[in-house]
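Participant: If you scroll down you'll find the structure; I have some questions about it.
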Amino acid sequence: MKLKQRVVLLAILLVIFIFTKVFLIDNLDTSAANREDQRAFHRMMTGLRVELAPKLDHTLQSPWEIAAQWVVPREVYPEETPELGAVMHAMATKKIIKADVGYKGTQLKALLILEGGQKVVFKPKRYSRDYVVEGEPYAGYDRHNAEVAAFHLDRILGFRRAPLVVGRFVNLRTEIKPVATEQLLSTFLTIGNNTCFYGKCYYCRETEPACADGDTMEGSVTLWLPDVWPLQKHRHPWGRTYREGKLARWEYDESYCDAVKKTSPYDSGPRLLDIIDTSIFDYLIGNADRHHYESFQDDEGASMLILLDNAKSIRVSTWNRLNYLKNGVLKSALKFAMAHDPISPVLSDPHLDAVDQRLLSVLATVKQCTDQFGMDTVLVEDRMPLSHL
């Protein structure tokens, strides 16, 4: 049997293995809503494999036009995306026609314009796959591979609120420097035989540049959301204070949650449940630093909380999806989803194991709440259709 045939067979066996684990999940509710959750989960699993290829079904459209048409108030991309591989292939391969310093923030990034006028955000590699950052959960640099993994986790959880991300290798000497702005170019330097840059950001320092391997730098590119969907920034109600020794109100006030639920936009609509979904997402990826979040402007709380730079009541659909992913299914699904990324393997096995362990902690925490307060209090049925928005 040829190697390619073996790979295809192994992929099919992996999908069958994952499906088998899903079907063996016990104590599943058989209500119509929960059956739809199961069907949605199976659809996601069958479409999990994304092979990067240049072919587009819509020959008269660019990949950027297709991705822009996907965006609506409650999702960044639709459930079924046959063109996803083509869009991500374009992100990973299209010629860079301009490079500039990244937008404001705490971490190093570059803003790239790809052929066809599409903006993407490039985050450089700062750590090896198995490097462990010591200290607080928010210590250290951003991990470029974490951006890739977070996008695929967003797909697996069925949120569809994270912009598209794919790994990419760039040659700093031949692809970036010739098209770089003076501002970005002024931050380039050479250390040994490696080309480096430190960019412009709150924590960017000449003494802490990101360095390529020679001229070739590994990183991630995140697709810029269409300009017709301007973003609005909000203070996260459960953010930290950033002042040593000073607690945030939620850390000492037992009535804080009730106060939040009486405050716009959390007193109606889906925003509070989006916050909770995002808290679970952040815990799974190890993000302890979402002090702000973004939504689309003038949405009156109706649009999604957008997962950029990526327990109270919880959605029934989210709870069901989390249960489908236990018993090692989440780790297997993530590994399978990221297998064709240009920088694969995206995560090391210890990181994948950690995500599985965090999932068990989430499930245990929610179960503790349901045992104490009852299922009807903790689990909220919220299935907002997209068609009316």
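Just so you know, glycine gets a Cβ as well, placed from its N, Cα and C.
So TrEMBL says this about it:
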type	residues	note
ACT_SITE	ASP289	active site
BINDING	GLN107, LYS123, THR222, LEU223, TRP224, LEU225, GLU294, ASP309	ATP binding site
BINDING	ASP142, ASP309	Mn(2+) binding site
DOMAIN	191-314	domain 'FAM20 C-terminal'
Participant: Spatially, which candidate from the binding-site residues THR222, LEU223, LEU225, GLU294 is nearest to ASP142 (Mn(2+) binding site), comparing Cα atoms?
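Facilitator: In terms of Cα distance, ASP142 (Mn(2+) binding site) lies closest to THR222.
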Participant: Let me make sure I understand the span of the ATP site: among GLN107, LYS123, THR222, LEU223, TRP224, LEU225, GLU294, ASP309, what is the greatest distance between any two Cα atoms, in Å?
Facilitator: 19
Participant: DSSP-wise, what's the residue breakdown of the domain 'FAM20 C-terminal' (191-314) into helix, strand and coil?
Facilitator: 24 helix, 28 strand, 72 coil
Participant: Round to the nearest Å and give the CA-to-CA distance linking LYS123 (ATP binding site) with the residue listed as 'active site'.
Facilitator: 17
Participant: Sequence gap of 6 or more, C-beta under 8 Å: which same-chain residues meet both conditions with respect to GLU294 (ATP binding site)?
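Facilitator: Result: LEU231, GLN232, LYS233, HIS234, LEU305, ILE306, LEU308.
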Participant: C-alpha of ASP309 (ATP binding site) to C-alpha of ASP289 (active site): distance in Å?
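Facilitator: Pair distance, Cα basis, whole Å: 10 Å.
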Participant: For GLN107, THR222, listed as binding-site residues, tell me which one has the smallest number of other Cβ atoms within 10 Å.
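Facilitator: Among the binding-site residues GLN107, THR222, the lowest count of other Cβ atoms within 10 Å belongs to GLN107.
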Participant: Any idea what the model's mean pLDDT is for the domain 'FAM20 C-terminal' (191-314)?
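Facilitator: Its mean pLDDT is 87.
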